[in-house]
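Novice: This is the structure I want to talk about, given as structure tokens.
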Amino acid sequence: MASSKKKLEGLVAATITPMTENGEINFSVIGQYVDYLVEEQGVKSIFVNGTTGEGLSLSISERRQVAEEWVTKGRNKLDQVVIHVGALSLKESQELAKHAAEIGADGIAVIAPFFLKPWNKDVLINFLKEVAAAAPALPFYYYHIPALTGIKIRAEELLDGIQDKIPTFQGLKFSDTDLLDFGQCVDQNQQRQFAFLFGVDEQLLSALVMGATGAVGSTYNYLGKKANQMLEAFEQKDFSSALNYQFCIQRFINFVVKLGFGVSQTKAIMTLVSGIPMGPPRLPLQKASREFTDNAEAKLKSLDFLPFTGLKDRNLEACS
């Protein structure tokens, strides 16, 4: 991996944890997964053991093993491997942070503990500070996802003075639709070289306009090529093309959201698009239905995200 001093930017795939049919982790396909991301999707940074990776459904031992495998298989291929080390237990989170440093990860991220919750900014920062201190040489990122944690502390508020308490703080993964909060994070920290990584894939273009430096998301596993085209168009100030790419991505996400879209369905789509078996999710999640997979496949083909089997499949919906 590249030096941890390099800024985390561009597309970051929130990796899936491949599993066998009986729910064990399928480590054997992770090397192939790395090659697929780099060669087929143009995505060279990853976020491991997050929501998409079912990190909180894995044991601490499993999370360590998954992190090790991604770091090992990504060496000299990936730019950055960031490990999510958040846990309900401070001790477990510290253990995972220390382990990430030992195996050569490029950064760590932490979600707010969400059972016994921090009730204000200072309490949350104290928790994050203790985790970051377990890996003092690694860049530290806060993973802001209030819809899942129930923690309503605004990211704008949290960032105010955070580097004074956590010197290794480098930015945040902002997985929320509150663009006012996100915009103020950027606006109030323009003098700092923070990474502002947006986590709502279907709204990425809006976040880029507001100053996002990159994005972490599940769809970049299989729509990374299209999202990279959007980033390139935006950088070239070809806003019409950038908008077309965003709308194209939205057409697919809007379609699957109406069918019921989550980690289980992401695993099914990734298997379909990449040909790499992701397996079922771990309980309490349920495997995506065959009906969902068939419908998603038809939509992917109609948008030119999958090869056509014949001209009869093509319609006017395909994205340029």
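Any Cβ shown, glycine's included, is placed from N, Cα and C.
Reproduced below are the annotations present in TrEMBL:
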- TYR143: active site, proton donor/acceptor (ACT_SITE)
- LYS173: active site, schiff-base intermediate with substrate (ACT_SITE)
- THR52, VAL216: pyruvate binding site (BINDING)
Novice: Between THR52 (pyruvate binding site) and TYR143 (active site, proton donor/acceptor), how far is it from one CA atom to the other, in Å?
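Specialist: Between the alpha carbons of THR52 (pyruvate binding site) and TYR143 (active site, proton donor/acceptor) there are 13 Å.
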Novice: Could you state the whole-number distance in Å separating the C-alpha atoms of LYS173 (active site, schiff-base intermediate with substrate) and TYR143 (active site, proton donor/acceptor)?
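Specialist: Pair distance, Cα basis, whole Å: 5 Å.
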Novice: How many whole Å apart are the CA atoms of the residue listed as 'active site, proton donor/acceptor' and VAL216 (pyruvate binding site)?
Specialist: 10
